[in-house]
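Quick look at what TrEMBL annotates:
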ACT_SITE  A:D52  active site, nucleophile
BINDING   A:Y111  substrate binding site
DOMAIN    A:10-104  domain 'Pseudouridine synthase I TruA alpha/beta'
DOMAIN    A:144-245  domain 'Pseudouridine synthase I TruA alpha/beta'
2 protein chains.
Amino acid sequence: MTRFALTLEFDGGPFMGLQRQAHGPSVQQHVEEAVQAITGEAAVMHAAGRTDAGVHALAMRAHVDIEKPFDPFRLMEALNAKLRPQPIAVLACEIVPDDWHARFSCTGRSYIYRITNRRAPLTLERGKAWQVSAPLDVPAMHEAAQHLVGHHDFTTFRSVHCQAASPVKTLDRLDVIRDGDEIDIHAAARSFLHHQVRSMVGCLVLVGRGKWSGDDLKAALEARDRAALGYNAPPDGLYFAGATYS
Amino acid sequence: MTRFALTLEFDGGPFMGLQRQAHGPSVQQHVEEAVQAITGEAAVMHAAGRTDAGVHALAMRAHVDIEKPFDPFRLMEALNAKLRPQPIAVLACEIVPDDWHARFSCTGRSYIYRITNRRAPLTLERGKAWQVSAPLDVPAMHEAAQHLVGHHDFTTFRSVHCQAASPVKTLDRLDVIRDGDEIDIHAAARSFLHHQVRSMVGCLVLVGRGKWSGDDLKAALEARDRAALGYNAPPDGLYFAGATYS
């Protein structure tokens, strides 16, 4: 058996999410079927994160175990050929030790949330960003975001469907950066709760619109109550950006 | 009568081109129908450039004449509402003098051609860039590109369907810039021949792959013969980036 680590890029638009779902197509299903078609072996893919329907990935890390020997480059090429026409691409493929696990060995995850701040509807970025019409005060958003950085109980920013054992997480980074009409929110942590990034972004947009102060955001965090959540941002703008292993 | 200048962004994927076509949908048709639905007047749109099927625009400039008085901001909002769900957006709308003409007053046009230089197929950028698998030598491409800058007979880089009176044009800028896997080619001129940017990009990629030298590109230009063209790049990566009026 050889364990292959994959780096996946995908457009989340057509999928019910990364994880296999009974009720629709998933990234996991397509990758597993591609591996199976190439190797003739049943395959199970494990990934660093579980992304929701409509959420994209720039560099999701995953692994699969294969009995037959394969050259990693040729496996990558074969997977990319089999995955067409699905918008899923294998950017890198390498052999890793048998005890390396895409999910359990992962020590850091990062996301980017992309907002297009303008009146006009999206065309080229449709499904790839959240269009917010009202002008956003980015310095206020960035300053408020710093209340969320650190070790906190993030119950307010957690989906009711979240399966994590604890709502306490350490958020390492939450930066809000404007470049013209585009606002990128960079989030990094060892791990995130379900809907955490989208929930934090939704509340930061309330701050950017002047509807919430930084103190309101702090109070929402401290409430540790999902009912205190201001707004959950749509999946379109969310990208799983990277996973680190140390 | 009031003349309104529009700044349009569009995803060229679903259209036969910017210009009205008998055999399929065009950007012009959708904008004219939207104006007509709002004003009740027959409308004709004039644009700074004529883009082909699959070619995108970041900031195409155009104008329409309307008899009834309209506030430009409200006209823009109404057009964006009517244009949904087409991937065409009006980014700006302003009143201009009656003798201002989106095409004939335009003194400069710029394009960006986007290449993704990697083995893996495109996912998030599908239809929005040209994926080139072979590693490209960007400094060699940029250096060769400078042979094309200046006042030349561009017959080699001109479609047989080109309607321009003369093949002689002055190319002001042709820069090739890499940022990771993405290579952007920036072209600027008073005006371009039909397929000129795609034809220049196709030949620059031959240079980047080491199949052509800079001298080969120069010889192709000097041949003034369409048969000397190396390769015509696909429309997917081409963006009309802007028009200037001075």
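The count begins at 1 with the first shown residue.
The backbone N, Cα and C atoms fix where each Cβ goes, and this holds for glycine too.
Because TrEMBL annotations are produced automatically, they should be read as predictions rather than curated entries.
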Distance [Cα-Cα, Å, rounded] between the residue listed as 'substrate binding site' and A:D52 (active site, nucleophile): 13
For the domain 'Pseudouridine synthase I TruA alpha/beta' (A:144-245), would you mind checking the mean pLDDT of the predicted model? 96
Same-chain residues at least 6 positions away from A:D52 (active site, nucleophile) with a Cβ under 8 Å from its Cβ, in sequence order, are A:G12, A:G17, A:H195, A:P235, A:L238
Please report the number of other Cβ atoms within 10 Å of the Cβ of A:Y111 (substrate binding site). 26
